[in-house]
Amino acid sequence: MFELTGRKALVTGASGGIGEAIARVLHAQGAIVGLHGTRVEKLETLAAELGDRVKLFPANLSNRDEVKALGQKAEADLEGVDILVNNAGITKDGLFVRMSDADWDTVLEVNLTAVFRLTRELTHPMMRRRHGRIINITSVVGVTGNPGQTNYCASKAGMIGFSKSLAQEIATRNITVNCVAPGFIESAMTDKLNDKQKEAIMAAIPTRRMGTSVEVASAVAYLASNEAAYVTGQTIHVNGGLAMI
């Protein structure tokens, strides 16, 4: 199940957390994996651990020219990208009434506009080959909202609308477009929470635990596989029941 041998995947934001887990899981399923990120040393460490079938593609997603070059280089070096995982994202949290234009623009540029640009770059060759899997990592807050994150929530909600629209445009070319929406996932950020904060979070989650990055990555592996050929325009929520959507 979920066999990906010979498929070529590009994973953005692969230098840690969920992105790293996605890269590891896709590689374990047999894919050739392109690792994108800005922390080159971390990418090199991950590549060394994975061994063969790995290529590195460092780039700044807030730079229009670098995004275009990333798509072109990945397509050339991987000899065709079959699977695109738009995972990279940033936050610039703050109350809406105090949010600066820069904080809004920066988050939307990386989390949404770069997704548009990179996906556009790689969709054309996918259409020519009549095969592709585009998987966008959004968030539960893209559906529920979250105070202090109007910019981030807007970017993640935008990804969902983007994915549904694109899915309808290119379905006849055997290209699927889907989202995976994580909830609270164990990470370096959640490790910094104190016990009281963690208890408050757990109380809101029916499973009474946080998810793991591997659980998110497993949903990505499914959507990337042939088994998900009839699934498009959908959002898989990996949140332990925090939001039953």
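Glycine too: its Cβ is placed from the backbone N, Cα and C atoms.
Now, the feature entries from Swiss-Prot:
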BINDING   11-35  NAD(+) binding site
BINDING   S139  substrate binding site
ACT_SITE  Y152  active site, proton acceptor
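Everything Swiss-Prot records as a feature, shown here on the structure.
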residue: V11; record: NAD(+) binding site; Cβ within 10 Å: 33
residue: S15; record: NAD(+) binding site; Cβ within 10 Å: 24
residue: G19; record: NAD(+) binding site; Cβ within 10 Å: 25
residue: A23; record: NAD(+) binding site; Cβ within 10 Å: 31
residue: H27; record: NAD(+) binding site; Cβ within 10 Å: 23
residue: A31; record: NAD(+) binding site; Cβ within 10 Å: 26
residue: L35; record: NAD(+) binding site; Cβ within 10 Å: 27
residue: S139; record: substrate binding site; Cβ within 10 Å: 26
residue: Y152; record: active site, proton acceptor; Cβ within 10 Å: 23
Rounded distance in angstrom between the Cα atoms of G19 (NAD(+) binding site) and the residue listed as 'active site, proton acceptor': 18
Rounded Cα-Cα span from the residue listed as 'substrate binding site' to A23 (NAD(+) binding site), Å: 19
Three-class DSSP secondary structure - L35 (NAD(+) binding site): strand
